[in-house]
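Quick notes on the structure that follows.
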Amino acid sequence: MADQDVDLDSIIDRLLEVRGSRPGKQVQLLESEIRYLCTKAREIFISQPILLELEAPIKICGDIHGQYYDLLRLFEYGGFPPEANYLFLGDYVDRGKQSLETICLLLAYKIKYPENFFVLRGNHECASINRIYGFYDECKRRYNIKLWKTFTDCFNCLPIAAIIDEKIFTMHGGLSPDLNSMEQIRRVMRPTDIPDCGLLCDLLWSDPDKDITGWSENDRGVSFTFGPDVVSRFLQKHDMDLICRAHQVVEDGYEFFSKRQLVTLFSAPNYCGEFDNAGAMMSVDESLLCSFQILKPAEKKQKYVYGAMSSGRPITPPRKQKK
């Protein structure tokens with residue numbers, strides 16, 4: 001389908017039409033429209049840097065994981081684009097029931113507002129992961145496997161990290177023992193898969209751990225964990241104020257670490273119907289003051305109504321509770 005045959009505004013309108021409907025109502029776009037979203041967004045990702053340099057004011061969101069109606073709630077809170085600038089930190093697909101609507105709306109907004117709307121790559125924007133955790137099955141059930149491969153081509157071109165006003169460093173996972181200079185990120189060529197180890201892997205997979213010093217192995221079996229000393233040294237070396245990342249369920253939707261030098265954001269409330277966590281979005285104003293907007297979890301009793309539909313897939317382990 002040629003670009004001029006695709007009505008982007010109509011795609012966005014249909015994706016937003018289900019606002020106010022019962023959560024779970026699907027939007028079935030044409031396959032040709034989804035292909036357009038993937039190929040056009042991929043062109044834009046490639047034309048922009050792999051390490052984005054962004055300006056405040058901006059709103060930052062963590063994992064969404066196919067919880068489409070919660071994504072719509074985030075926009076209701078923060079303002080639908082272009083009312084506010086947005087940066088999403090990855091993990092749009094898998095685990096939730098509506099990965100397709102979620103990723104399609106995000107790609108549509110990227111195409112419509114390329115300089116105001118930004119999406120980073122999470123560890124689930126990777127074929128070997130989303131083949132297993134739900135996105136492949138959703139594509140196969142609702143469309144076909146070829147379309148899943150088209151998404152893979154798009155995901156392989158997503159940017160990896162962003163710096164806001166030279167002071168806030170953002171990525172999906174965390175720091176890497178291999179990261180000495182920002183130039184190393186800029187040198188990564190796209191399209192690329194996520195390797196099993198090294199800089200790119202760590203930026204999407206690593207986790208902070210308050211109980212360690214330096215670097216340690218990660219319970220996920222991938223990448224590392226890093227202590228507060230690593231965070232402090234990194235910020236001092238690069239003259240930055242804050243690391244903002246996602247990748248872990250946190251009870252309040254956001255959680256500080258290392259004397260407020262790092263914050264974890266998670267934007268999928270009642271994650272998978274199996275947690276009672278809130279979701280959060282971080283607003284960064286022009287003076288780089290950070291505030292949080294919270295999506296409260298549903299009442300506990302609802303959890304058992306909706307949670308009965310568990311997919312049986314293993315869940316991202318929650319952060320260790322404070323002793």
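Just so you know, glycine gets a Cβ as well, placed from its N, Cα and C.
On a predicted model such as this, the values are computed, not experimentally measured, just so you know.
The active site, proton donor annotation in Swiss-Prot covers HIS124, and the record cites similarity to another entry as its basis. Around the Cβ of HIS124 (active site, proton donor), 28 further Cβ atoms fall within 10 Å across all displayed protein chains. In the three-state DSSP scheme, HIS124 (active site, proton donor) is classed as coil.
In sequence order, ASP91, TYR92, VAL93, ASP94, ARG95, GLY96, SER99, HIS124, ALA268, TYR271, CYS272 are the residues near HIS65 (Mn(2+) 1 binding site), counting only same-chain partners six or more apart with C-beta under 8 A. Residues or ranges marked as Mn(2+) 1 binding site in Swiss-Prot (evidence: similarity to another entry): ASP63, HIS65, ASP91.
DSSP classifies ASP91 (Mn(2+) 1 binding site) as coil under the three-state reduction. As annotated by Swiss-Prot, Mn(2+) 2 binding site applies to ASP91, ASN123, HIS172, HIS247, with the evidence given as similarity to another entry.
There are 26 other Cβ atoms within 10 Å of the Cβ belonging to HIS247 (Mn(2+) 2 binding site). Note: the Mn(2+) 2 site is recorded as ASP91, ASN123, HIS172, HIS247; in the same chain, ASP63, LEU89, GLY90, GLY122, HIS124, GLY173, LEU204, TRP205, ALA246 also have Cβ atoms within 8 Å of that site's Cβ centroid. Between the CA atoms of ASP63 (Mn(2+) 1 binding site) and HIS247 (Mn(2+) 2 binding site) there is a gap of 7 Å. Neighbour density for ASN123 (Mn(2+) 2 binding site): within 10 A of its CB lie 25 other CB atoms from the protein chains shown.
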